[in-house]
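Read through the structure below, which is laid out as structure tokens, and then see the notes.
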Amino acid sequence: MPVNGTQNHANALDARGIGKRFGGFWAVQDINLTVRPGERRAILGPNGAGKTSLFNVLTGDLTASAGTVRLFGQDVTREPIHKRIRRGLRRSYQHAHLFEGLTVRETLFLAVAGVQGSWAQVWPLKGSDKRLAEADRLAEVAGLTSFSERAVSELSHGQRRQLEIGIALAENPRVLLLDEPAAGLSPAERPKLSALLMALPQEVTVVLIEHDMEIALQTSESVSVLYNGRMLAEGTPDAIMQNEDVHQVYLGGGYAQ
Amino acid sequence: MKNAPLLAVLLALPLFLNDFWLTQVATRALILGITALSLSFLATYLGVVSFAQAMMAGIAGYTIAYFGPNTVAIGWELPFWLSIPLALVLATLAGALTGLVARRSRGIYAIMITLAIGVAFFYLTRQNYSLFNGWTGFSGVRAPQVFGLNLRAPVPLYLMTLAVAVAALVLVAGFVRSPLGLTIQALRDAPGRVRALGIPALGPIVAAFAFSGFIAGAGGILNVWYNERISSFSVGLGPIIDILIICVIGGLRHPAGAFIGAIAFVLLETFAVDLIDRDRFNTLIGLVLLAIVMLAPNGLQGMAAALVARLRPRAATPKTSI
């Protein structure tokens, strides 16, 4: 999807020397991450490796202590999250903080209005509003059509994860950062989520944090492994499966067999 | 419209009530309810308890007094069709400013910062003579004559107050269904997540406070016409706490709770003298408040809703939805 004013040949995401420090502790340090437009990238790593901290710096939830973040060639390191959203960046959260008092439809509506910057309307919504139609489309993509009038507080854990994805898909995302979208899902719910991810338009760049190796390797063409806040290895799923270091710290002996 | 029967009863009230009941109870409760609505709107939809609502109402009341007929020879008399919009604009601005100051505050911190604003305004009115006429304030502030209709007379005053109360409720109901109203509710539930949708938090918070200032201003205008006077006592700690008590008694589940609370408050206040000594009103209202907080945290409307739910187990609870 060409967008005016950006360099189309640039990488979708280009992070250089990223560091995030909390007091004296570096959650991530000296991370380089380059993702091509349309690429599907998985980020693996044991708990505490710095995956979510890296995401927070990439999205602007947290400001980087070191390094630069570029989105399609544009330096966004100092931009707040609501501006990066306008550039086509979206994310989902591992721990879903959703709007418990709103319905699914209202939540998805706000996701659409937020990206468009059309949230400041003070008169009531009309049923024929185009943004509501888009919200209904997102509900369908996320498999929540029959729950769209439900309050978010009444949703099951799996439905909340689906809603997270629906929010992230509002208004043609260009780069999608998904933080453990399958976390806490039952084995029966996982294939549904996998299918949802596989069905994303090919031009959308997806970076996925995932503990579930099945989902990670099935949906991604390349893998980055973090360990202790640093980049341990990068490569194709096959190469990562064969990597000795990765076996030592994350997969544990014998996983590939 | 499902509230039509209730509205019909309220419209017909002047036929059944004498002037005492109409003015001292019904009109007064509606005026207090409008000001309390400005707080219950903020508390219900933004999740912030503000103690600055008496200040916003007071700004509107003082504007009407300063720019209207009064007996203290201070101010500049404007026609009512100019002074009313001016009072509403200033109250709205006062709300917006409060929101700007309190934008990062939640819970106890929002209470502290808005209480500081409210009390600071109280001392300002008490010490400033050129605008607020200090301790004594303004008296002889009379509601205008409109098309030969004297709005000071009990029935026109009641009907005007009823019209404003209904308009305020309709306005709130419409506003919370608007995209901005939904954004404000989203901020209540997960502020960080709202920013992650591409929405900066400052605008909606300031808008919510400004809107509550507008509603409080409407209550403030009616209040100064009702009392025909305004002074520092109208914006002091007493009124600040009364507004909160009304909201808690009525309940914060639905904006209409403000009016239920106001009716209960005014009935208690009016008849406390028959039940116990007049000076013991604060003790009485304190005990009522304690009972509500302990036995019915959702206020009188919550109690009523629970009762209805018990009688009709499968009755759907009303909820806001687009």
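Backbone N, Cα and C define each Cβ position, glycine as well.
What TrEMBL says about this protein:
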type	residues	note
TRANSMEM	B:82-101	transmembrane segment
TRANSMEM	B:108-125	transmembrane segment
TRANSMEM	B:157-176	transmembrane segment
TRANSMEM	B:197-218	transmembrane segment
TRANSMEM	B:230-249	transmembrane segment
TRANSMEM	B:256-273	transmembrane segment
TRANSMEM	B:285-309	transmembrane segment
Message: Which sequence-distant residues neighbour the transmembrane segment (B:256-273)? Criterion: at least 6 residues beyond either end, Cβ under 8 Å.
response: 24-25, 28-30, 32-34, 36-37, 39-40, 165, 169, 242, 245-250, 280-281, 284-285, 288, 299-302, 304
When counting Cβ pairs under 8 Å to the transmembrane segment (B:82-101), the leader among B:108-125, B:157-176, B:197-218, B:285-309: B:197-218
- prompt: Mind checking which residues reach the transmembrane segment (B:230-249)? Cβ under 8 Å, same chain, six or more beyond either end.
  reply: 32-33, 35-36, 39-40, 43, 49, 51, 53-55, 57-58, 61-62, 65, 115, 118-119, 121-122, 125-126, 132-138, 141, 223-224, 257-258, 260-262, 264-265, 285, 288-289, 292-293, 299-300
Query: Near the transmembrane segment (B:285-309), which same-chain residues lie under 8 Å Cβ to Cβ, leaving out any that are not at least 6 residues past its ends?
result: 245, 247-254, 256-257, 260-261, 264-265, 268-269, 272, 315, 317
